[in-house]
Amino acid sequence: MGVSKVQEGANASVQPLDDSKSIEEVSVNEPSSVDLDLEYQPDWSSTPKSKASRFKQWFLGFVEVNHNQEGSIVDAFIYNRELRPVESSRRTWGWKHYVFFWISGTFNVNTWQISATGLQLGLKWWQSWICIWFGYLFVSTFVVLASRVGNVYHLSFPIACRVAFGTYFSLWVVLNRVVMACVWYSTMAYLGGQCVQLMLKAIFGTDLDRRFGNGIKNNNLDAFQLVSFIIYWIFSLPFLWFPPHKLRGIFAAKAFITPLGAFALLIWSVRKCGGSVDLGALNAGDDVSTSVKAWAVIRSIMSSMDNMSTLVLNAPDFSRFGRNKRAALWSQWISIPLCFGIISLLGIVCVSAAYTVYGVNYWSPLDILARYLQNYTSGDRAGVFLIAAVFAFDQLGANLSQNAIPAGTDMSALLPKFISIRRGSYICACLSLCICPWNLLASSSKFTTALSAYAVFLSAIAGVISADYYIVRKGYIDVLHCYSKKHNSYYKYNRCGTNWRAVIAYIVGIVPNFPGFLGSTGVHVPEGAMKVYYLNYFIGYLLGAIVYTALVYLFPVGGVPADTKITDFVWREQWVEVEDFDRRRQIFEKEA
């Protein structure tokens, strides 16, 4: 369905485009006097004569990303080849690749410990397990909702968030996710380094760390731990070279290998305890009051959502590679709760089996493997080495999908003139060294709580974007306007390139949760503030969405299909093809 008219928005200057100017209708053969030569050759005839100027020009030319286009840094930010819509030749992901993607993302050290939250709060094992299912069912719903814009319009997150927040304010939204991606990359790489420690000890002896010596004056790090971390860090670097659409093979391999390692540890643990697994010994849930148990259930469900808050925003970065509009729909909605439910149950059984043997709850699979290694028989050594290697590969795949590629995509949006997705991924890896994860993880409970608490900020962003796409625009986006800085561009909104309605809704979504956020970092706050915070993702998401919808109702925005109101039950989403998008965009930009 062509959209011929556009509802008048807050900007009076926004003029409706006729069909010939929309991405669905622009003719490839449309005559134009515009020079459509996309090849850019620098003009070396004006080379400065001074050595300093020549060196500066050489250096900038060396570090500049070749987008085959001329223009300023702002022009590169508005449009570049890294963030252009994904054409059909790169849309190679079918439904099974998204299943592989989530299998590869769930079977890792972090996921293994999900059930610990509910158990430590006093829930029984089966209660904690049910909470995990519900928590990740909510997660899968939010992921599918966020994936739609990438799947149908083939846009990455940095471009998709321009629609709701505005062309220039989207920088702040993207920056939020860059920070989280870099910190999480660092911590997950350090966990990968712990896997390397087990592998080395399985080969050279459990006392290797003592024989290694230590010249580092840091209570949280010794030389052996640092070397193991660097080994893993170097091992992961080659995988950052591949573009996102070519990583499906890695995810497919990981989806096959990692479950084998997880089930191998399960079988080994059950055999060690002689098949006597006492799941009821994990806690004393019968002593918990009804009120305490109710809040434990809520916190257990919300912990699942908090840990996945960044991935909800990341969803368009991978859904844009879907072959069709259903590729990223049911595959993700079903596989996310299923995969997390299975791996959490494996974790519960293994923890219980280890408790039966040793009388200690080892929530991390790496702690269980370290205990098994103490016997140091040839079988134990081989088993620990192989399973630790699988978990190391797990961490690699999870870090690629959840942190490195999203960070690279976001950095390429922040400074596209000098950063590509590949360079951004390597910058993220380098920053992980500067973050010093060994210091962050020294007080792991407070650190992971504070890191998850960042969902307070991300949930409000996700709520605003979702309301804009599903309620306000009814699924309609004009892709050409996403890459334009013209004064009458729908998504520029004003001179500042900011949709003030989205900014206000974003802030309102944060405010109720902020006292609890401070409380999670150790600041004393009232108990009522903490209980509000326990529902942080729902409160931030829903409040941001409701406030944004109300503001748009009072102060309409442009770019909405004609004769379409917020209260109408209609759907304007259209699958678009973006072949020859460069030419179409140049024609669009040259027209008034």
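Backbone N, Cα and C define each Cβ position, glycine as well.
In TrEMBL, annotation is done automatically, which means it is predicted and not curated.
A quick note: this is a predicted structure, and the numbers were derived from the prediction, not measured.
According to TrEMBL, the feature region 'Disordered' maps to 1-32.
With a cut-off of 8 Å between Cβ atoms, the residues of this chain six or more beyond the transmembrane segment (98-114) that come close are 132, 188, 191, 194-195, 248, 250-252, 254-255, 258-259, 261-262, 303-304, 307, 311, 318, 322, 327-328, 331-332, 335-336, 339-340, 343-344, 346-347, 350, 363-366, 391, 394-395, 397-398, 401-402. The feature transmembrane segment is assigned by TrEMBL to 98-114 (among others).
Annotation source TrEMBL lists transmembrane segment at 126-145 (among others).
Taken from TrEMBL, the feature transmembrane segment applies to 152-172 (among others).
Positions annotated as transmembrane segment by TrEMBL: 178-200 (among others).
The transmembrane segment feature in TrEMBL is assigned to 221-241 (among others). Within its own chain, the transmembrane segment (221-241) is flanked in space by residues 189-190, 192-197, 200, 208-209, 212-215, 247, 250, 392, 395-396, 399-400, 404, 408, 422, 425-426, 429, 432-433, 437-439, which lie at least six positions past its ends and keep a Cβ under 8 Å from the stretch.
Long-range Cβ contacts of the transmembrane segment (247-268) within its own chain (Cβ-Cβ under 8 Å, at least 6 residues beyond either end) map to 92-93, 97, 99-101, 103-104, 107-108, 112, 239, 343, 346, 349-350, 365, 368-369, 372, 383, 386-387, 389-391, 393-394, 396-397, 400-401, 405. Here TrEMBL flags 247-268 (among others) as transmembrane segment.
TrEMBL lists 333-358 (among others) with the feature transmembrane segment. Remote same-chain partners of the transmembrane segment (333-358), defined as residues 6 or more beyond its termini with a Cβ less than 8 Å from a stretch Cβ, comprise 98-99, 102-103, 105-107, 111-116, 119, 125, 128-129, 132-133, 136-137, 139-141, 143-144, 262-263, 265-266, 269-270, 272-273, 276-279, 281-282, 304, 365, 368, 371.
Listed as Cβ neighbours of the transmembrane segment (453-472) (distance under 8 Å, sequence separation of 6 or more from its ends, same chain) are residues 142, 145-146, 148-149, 160-161, 163-165, 173, 176-177, 180, 305-306, 309-310, 312-313, 502, 505-510, 513-514, 516-517, 520-521, 533, 536-546, 548-549, 552, 557, 560, 566. Taken from TrEMBL, the feature transmembrane segment applies to 453-472 (among others).
If you look up TrEMBL, you'll see 493-514 (among others) marked as transmembrane segment.
Below 8 angstroms of C-beta separation, residues 10, 142, 164, 295, 298-299, 302, 305-306, 309, 453, 455-464, 466-468, 471-472, 501-502, 504-506, 508-510, 512-513, 516-517, 566 of the same chain, each at least six residues beyond the ends of the transmembrane segment (534-555), sit close to that stretch. The feature transmembrane segment is assigned by TrEMBL to 534-555 (among others).
Nonlocal intrachain contacts for the transmembrane segment (126-145), taken as residues 6+ away from its ends with a CB within less than 8 angstroms of a stretch CB, comprise 114-115, 117-119, 279, 285, 293, 297, 300-305, 308, 311-312, 315, 328-329, 332-337, 340-341, 344-345, 348, 462, 466, 470, 541.
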